[in-house]
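Asks: A single structure is presented below for examination.
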Protein chains: 4
Amino acid sequence: MGLWDVDKIEYVGRTKGPQEGLAFHYYDADRVVAGKKMKDWLRFGVAWWHTFNQELVDPFGTGTAHRPYYKYSDPMDQALAKVDYAFELFTKLGVEYFCFHDRDIAPEGDTLRETNANLDKVVDKIEENMKATGVKLLWNTSSLFTNPRFVSGAATSPFADIYAYAAGQLKKSLEIGKRLGAENYVFWGGREGYENLWNTEMKRETDHIAKFFHMCADYAKEIGFDAQFLIEPKPKEPTLHQYDFDAATAIEFLRSHDLTDVFKLNLEGNHANLAGHTYQHEIRVARENGFLGSLDANQGDKLIGWDMDEFPTDLYETVAVMWEVLQAGSIGPHGGLNFDAKPRRTSFYAEDLFRSHVAGMDSYAAGLLVADKMNRDGFIQDLMAERYSSYDSGIGATIENGTATLASLEEYAIDKPQSELIAATKSDHLESVKATINNYIVDALAEA
Amino acid sequence: MGLWDVDKIEYVGRTKGPQEGLAFHYYDADRVVAGKKMKDWLRFGVAWWHTFNQELVDPFGTGTAHRPYYKYSDPMDQALAKVDYAFELFTKLGVEYFCFHDRDIAPEGDTLRETNANLDKVVDKIEENMKATGVKLLWNTSSLFTNPRFVSGAATSPFADIYAYAAGQLKKSLEIGKRLGAENYVFWGGREGYENLWNTEMKRETDHIAKFFHMCADYAKEIGFDAQFLIEPKPKEPTLHQYDFDAATAIEFLRSHDLTDVFKLNLEGNHANLAGHTYQHEIRVARENGFLGSLDANQGDKLIGWDMDEFPTDLYETVAVMWEVLQAGSIGPHGGLNFDAKPRRTSFYAEDLFRSHVAGMDSYAAGLLVADKMNRDGFIQDLMAERYSSYDSGIGATIENGTATLASLEEYAIDKPQSELIAATKSDHLESVKATINNYIVDALAEA
Amino acid sequence: MGLWDVDKIEYVGRTKGPQEGLAFHYYDADRVVAGKKMKDWLRFGVAWWHTFNQELVDPFGTGTAHRPYYKYSDPMDQALAKVDYAFELFTKLGVEYFCFHDRDIAPEGDTLRETNANLDKVVDKIEENMKATGVKLLWNTSSLFTNPRFVSGAATSPFADIYAYAAGQLKKSLEIGKRLGAENYVFWGGREGYENLWNTEMKRETDHIAKFFHMCADYAKEIGFDAQFLIEPKPKEPTLHQYDFDAATAIEFLRSHDLTDVFKLNLEGNHANLAGHTYQHEIRVARENGFLGSLDANQGDKLIGWDMDEFPTDLYETVAVMWEVLQAGSIGPHGGLNFDAKPRRTSFYAEDLFRSHVAGMDSYAAGLLVADKMNRDGFIQDLMAERYSSYDSGIGATIENGTATLASLEEYAIDKPQSELIAATKSDHLESVKATINNYIVDALAEA
Amino acid sequence: MGLWDVDKIEYVGRTKGPQEGLAFHYYDADRVVAGKKMKDWLRFGVAWWHTFNQELVDPFGTGTAHRPYYKYSDPMDQALAKVDYAFELFTKLGVEYFCFHDRDIAPEGDTLRETNANLDKVVDKIEENMKATGVKLLWNTSSLFTNPRFVSGAATSPFADIYAYAAGQLKKSLEIGKRLGAENYVFWGGREGYENLWNTEMKRETDHIAKFFHMCADYAKEIGFDAQFLIEPKPKEPTLHQYDFDAATAIEFLRSHDLTDVFKLNLEGNHANLAGHTYQHEIRVARENGFLGSLDANQGDKLIGWDMDEFPTDLYETVAVMWEVLQAGSIGPHGGLNFDAKPRRTSFYAEDLFRSHVAGMDSYAAGLLVADKMNRDGFIQDLMAERYSSYDSGIGATIENGTATLASLEEYAIDKPQSELIAATKSDHLESVKATINNYIVDALAEA
Ligand SMILES: [Co+2]
Ligand SMILES: [Co+2]
Ligand SMILES: [Co+2]
Ligand SMILES: [Co+2]
Ligand SMILES: [Co+2]
Ligand SMILES: [Co+2]
Ligand SMILES: [Co+2]
Ligand SMILES: [Co+2]
């Protein structure tokens, strides 16, 4: 069977009954939906950190994960062995992309130079495997948050030596991205924020990180690395307050620091919830403002206040996400659905890595099928068109075409009685809309 | 068409396509599922306060609701007219139960005596309509929270006159319950709690309300009113902290005040969320402790911190609720699914009252169908049986049968190596379980 | 005693003991602190809506407030009488500013024209009282959220007639602001957001409201009304999601719609909490970005998910707010501390309006005294200067002066061992910082 | 200076100014307050796990802590060395109690027998140090949550072997408690709960743990270990839902499983917040029901959804806690204030262990001083007495003495007009109450 004791995952449709966990019920990679193959809409990616490095620890417990490569005790041996395990897993799942932090794939040395040397050895092996399998790098990134030197930030550290180190680390990471043909490059500022405002010069820190991003953009240009740069917002955790709180905050930062040409956003479902938003909201904000870059597909529990990074199985959420993607035409210019997700700590067998990816892939494939059916029927489009129709002509058109003034609108409205105003205000029948979405889920998936 | 400009709602199955909002897709009242008619599993009830009195106000806006009986301006005229509207709505929806607070159905007078006189007139008319239609009273209750006299509580008011008034009000309410054959009687203590601990004698207040409940039980016995008494927990809102915080807290109160013979619980989905729980959790706690009484079927938004009382449309939640009900055999001894729910403020046409009940009824009917399919397959039962099998014999059996001691267990375990202990610990494959539930939803509803 | 049965509130310092609730312990209007009179730092304002119109209702209860002018039953009579009560309250409290919505001060007619006529009568009387007392208008605003016509928004309503009506209403409101010499003009978009994304064209709606703001700015210029325009962010409630979620989101909107010249922000403590932020955070974001406009001084309860609008008494929060104000030099160009706050529903006597303002004014005066003492000692400044000192020269200076590149920083860092990097990273002794702030509170107020 | 590069911490009162972080400003151990020495009211304890073992990791970063004993690389060597460091720290802080989990003090072996042998060696050394210094064991406990074998619980594990192992582990832990004279024994069920209800037999699991507690009580009796047993509630984290959700839930469990004679509660501030409560609420619930056992003194951030275990510095909270303790007469029969708290990850010097304990001790000492002043003045007592006075005679007395019935109360109330009822309802002047507490804080600490 290879390194993993699991067969290649096959699409079986609905023939094997509801309880089959090691086959695709909805994800049929080459099936054409809305003009593209499913795999081209979804562009699934595996996250190296969770899938290969996550031992399933939590703040009150050590790792529970069973992983076959734990037999390698030397860090470099294990790092190199994982490459083989990784590409076999990609292939068996039929996932065509992966993502990693620099620190995921090779151990640190005492200096950046030594660390970079370790990195190069693993990157060599990854490059070979990419060629051999055709699996591509959706994005890479740099861990500027794990090591204690980053305790108070990297590009927002109050300590210039740390900033300098982070810059050097980033330089290498961009070079690796270039070498491996990364389609995007992600910045998640887990420590870029504050623990306490009383000791924080917020503006100075955000100016520092803006300069950092400009240096990165300059260097990428210099070396001809044309990946799409992406910021990944998160409101808090580990930091009490992170500067990239949510999509709107990140866009504000990009606008006020002349970075809109270079950056788009990588949006994560669980981060949306921690910021008080739905995942659909964050994607809508990014999409409508031209900042949709890529997606970290996972889910949280809205009754829980920390980042759970669960594999996504909530069909309401996958339908909403894929609806937004259908409207956008794609997940950003080069985006994909990276499973920034880990099995639950109680789901710790090696086999559960496959089970959980299958659950996530199927859930997103289902979301695509449902969104496509709603789209073909024009259900949402019709509802919207009718709801906003008063702006298509008459007084509404003067508002949209810029000829209206307060005075012209006052004149229009000043003698309208309350009854006429109330009559102009329509019910949205929201409960029927929600029931209709339920019906679409059943109908689209029953016919899948 | 009658008083409401809506036809009787019919079951059409899946023939009218996903967008039909004024017909049942899943709720087929007389269809037998798991040995009982759907209507007997579900026992739907309409909540008078939301459906007939709720003007769709919120803290920042006045009412938006369009209701045909707003043409009656005299309070008693309107109260009496509503009875006709109510019973036509029940009949057109095919709902066989309703619920009300004393203050929902008739206006207050200046004294309790005058108020009671108003009540009697409306109760007369309700009684006639019940006889004529066969619609029954799931439960009644008393509003001990709206009037300013209850600002600091009723049975926990620091002011004895208010307590006395509440007792008098309750007496009348029990008499009405008896007269109308209420199957349950509900106590929701919206003001029974505290705004601030610094001025609150908590124990004294909870002792007061325990005495109040005992008086109520005594009086019910005296007049031969044998309805099941129910406490409805809610953690807060309007009060900063309500004493009946959640199911466990309410059960603790009942146990410590000798009230377990008299009371069970009426559980609401949105209240569960406000207390940090899922609806399924609250029902499970009540069910396994013998306190499941009835259900206030609604849903909240877990990102929102107040009580939204939305009509329930989340199939994950309705499946979980109906699973618990299937295991219990019924919703308590006399319980039902009362829609303690209002249309959204933007869904304000009279017709939306029908649309929203249809959405709610269909969602719960769907939940029943899915839970039943899982139950027939033994999916959860098998999973549980295997998971806990180590308690069925051997050392596990000594734990359950009470023969184990710390010493006997120490002896069993003291020389087991870590590898054996880890081998005894099994993965729960949680992601596959969740994906399987998705599959059951689609399969059960596609074949519905 | 006048209309209110309360004497003028006097400053007594600490002579009357801790339990005196109807005298100022810390607020001494003309005392000079940090170069300005207390009253000029604080510029307290009374909010007409809460203080005179709030009946202390909540979603489960009717009003509890006792107010002397409830004896006036005709709406216009009551509206006119309230003007006298208002100005006597301002004077007895020694508050020099007030704020109102158009709908606070006069009842609506059936048409905007009739409504405006009502408004004019009350504005006449307000203007007289302003002249007589010297009390000034901190800001006025327009209620585009209470009436059911605004159920789905005003400037983001899907219904063009409602937009037009809102524009007409705003025109009148700006004219009143001009006439009464309002120093600011506030826009709070309580309904400008969405209830559900599935029926919302978010971008179209936000474009509509941007046009609306431009029309308002044009008209203000046309009539020579030079008040500072302010947006007041709030994340939700009444709307599920409000577009002006928080300070950063509002600034992003202003930047992307060419409105930064015209608008600053009015920030509220309770709204900050509902968005997941501290009040200090929101003020810092606005201050450092040049958008600090004015403050709605109130507080929330962070365990509660709705807007409580409590009078502010938390000294930790008032110290933090006044610290930010001291650093800014003032609360925006024309800002003040408007008590967007109501007594608790249990604190319902007329006298409690005075008690609660006194509590709020004293708490902010105390905050100013503590912040000033910390400022004079240079406590925070020293801590910051040391913390960021590595950017003042050497490699840090190259980062700040723009000469650094990834390559130059890599060269600096590449051979630094981990030990040196850790040594460059300093502890922030955060627990001592918090204990020191406690000490400053005691010391500053003991010597007050 | 000894092992730690810090001098013994002295009480300096307010002479060293607000910025001194390494001296007590309020904690004067032998000063008599309310009839007892401060140290006897407060009974401070140091938590071994946080103070000596916590490396200041978080879910996204490795340890930042600088600790002098990290020079010992062998686990047993380090464990033994820490004992010396611990007792010097206790002595220099003047803390007379400590607390530990079995796994805090010695490394695990491969079997329980080997682990117990490791434990014994360290316990020998601890015992010697206790004798030499007079420092006592406030409580010990057992870690049934860190090791992967406990992933799905210990006494609620679905796997009987794990239950047996936990029982054996607990037996040893009780023996150690007996040997070291622990005054209490704590059970925190970090894994006793569920990750998902779909695979959980909740009642079976809670019955299992109840049996476990009975076995523990039996064994303690058998060996003559008479410590007070304590359950420590927490609602979630690491587990999605923990069975001991809050004080009320834990009391309900104790009542329904015949464990009230054996157990009281150990309450933690941060856990209270995670359950949606204030710390004062949880203590009040325990106190008034006779279950106040001991306190884990720490604080959370109410805007943060995970357990921060911050050192307590919020004076509002320490005042409220010490008020409850003053009313109770002591913190339970043998309780103390255990600092279940860690310095922030950014506060990582060895010295910060001292700074953070000083901040916490001073904050609780300040809380005691303020609560005592309010108590001596009778401020709260008077307010309560007046508020509830209507129950002291007349109709109120009939309610409290059990002679009232619904009928007798109806008769009393039935003809009372609304005006009389409203007159019987008094304002609580809540804003003045809060301002008064502010005044007490300043006055009590200024005269300290
Ligand atoms: Co992510
Ligand atoms: Co995440
Ligand atoms: Co309810
Ligand atoms: Co509710
Ligand atoms: Co405000
Ligand atoms: Co507010
Ligand atoms: Co604890
Ligand atoms: Co904790």
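Cβ atoms here come from the backbone N, Cα and C positions, even for glycine.
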Asks: According to TrEMBL, C:GLU232, C:ASP296, C:ASP340 bind Mg(2+) 1; identify which of C:GLU205, C:GLU252, C:GLU268, C:GLU317 is listed for that same site.
Replies: C:GLU268
Asks: Across the domain 'Xylose isomerase-like TIM barrel' (C:105-286), what does the pLDDT come to on average, as a whole number?
Replies: 98
Asks: For each of C:HIS101, C:HIS271, count the other CB atoms within 10 A of its CB; which of these recorded positions has the top count?
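Replies: Comparing the recorded positions C:HIS101, C:HIS271, the most crowded Cβ belongs to C:HIS271.
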Asks: Which recorded positions out of C:HIS101, C:GLU232, C:ASP307, C:ASP309 lie by ligand 4, going by a Cβ under 6 Å?
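Replies: What lies within reach of ligand 4, judged by Cβ under 6 Å, is none of the recorded positions.
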Asks: Which whole-number value in Å describes the distance between the Cα atoms of C:ASP309 (Mg(2+) 2 binding site) and C:ASP340 (Mg(2+) 1 binding site)?
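Replies: So the alpha carbons of C:ASP309 (Mg(2+) 2 binding site) and C:ASP340 (Mg(2+) 1 binding site) sit roughly 6 Å from each other.
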Asks: C:HIS101, C:ASP104, C:ASP296, C:ASP307, C:ASP309, C:ASP340: which of these recorded positions put a Cβ within less than 6 Å of any ligand 5 atom?
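Replies: The ones that qualify, in sequence order, are C:ASP296, C:ASP340.
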Asks: Under a three-state reading of DSSP, tell me whether C:ASP309 (Mg(2+) 2 binding site) is helix, strand or coil.
Replies: coil
Asks: Cα of C:ASP340 (Mg(2+) 1 binding site) to Cα of C:ASP307 (Mg(2+) 2 binding site): how many Å, rounded?
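Replies: Spelling it out, the Cα of C:ASP340 (Mg(2+) 1 binding site) and the Cα of C:ASP307 (Mg(2+) 2 binding site) are 11 Å apart.
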Asks: Among the binding-site residues listed here (C:GLU268, C:ASP307), identify the one with the smallest other-Cβ count within 10 Å.
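Replies: If we count Cβ atoms within 10 Å for the binding-site residues C:GLU268, C:ASP307, the smallest count is at C:ASP307.
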Asks: Ligand 6: which of the recorded positions C:HIS101, C:ASP104, C:GLU232, C:ASP296, C:ASP307, C:ASP309 have a Cβ closer than 6 angstroms to it?
Replies: C:ASP307, C:ASP309
Asks: Using all protein chains in view, find how many other C-beta atoms are within 10 Å of the C-beta of C:ASP340 (Mg(2+) 1 binding site).
Replies: 26
Asks: Can you give me the Cα-Cα distance between C:ASP307 (Mg(2+) 2 binding site) and C:GLU268 (Mg(2+) 1 binding site) in Å, rounded to a whole number?
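Replies: It is 10 Å, counting Cα to Cα.
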Asks: Give the distance between the Cα atoms of C:GLU232 (Mg(2+) 1 binding site) and C:HIS271 (Mg(2+) 2 binding site), rounded to the nearest whole Å.
Replies: 9
Asks: Give the number of CB atoms, excluding that of C:ASP309 (Mg(2+) 2 binding site) itself, located within 10 Å of its CB.
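Replies: A 10 Å sphere around the Cβ of C:ASP309 (Mg(2+) 2 binding site) contains 24 other Cβ atoms.
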Asks: How far is it from C:HIS101 (active site) to C:ASP296 (Mg(2+) 1 binding site), counting Cα to Cα, in Å?
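Replies: Each residue's Cα considered, C:HIS101 (active site) and C:ASP296 (Mg(2+) 1 binding site) end up 14 Å apart.
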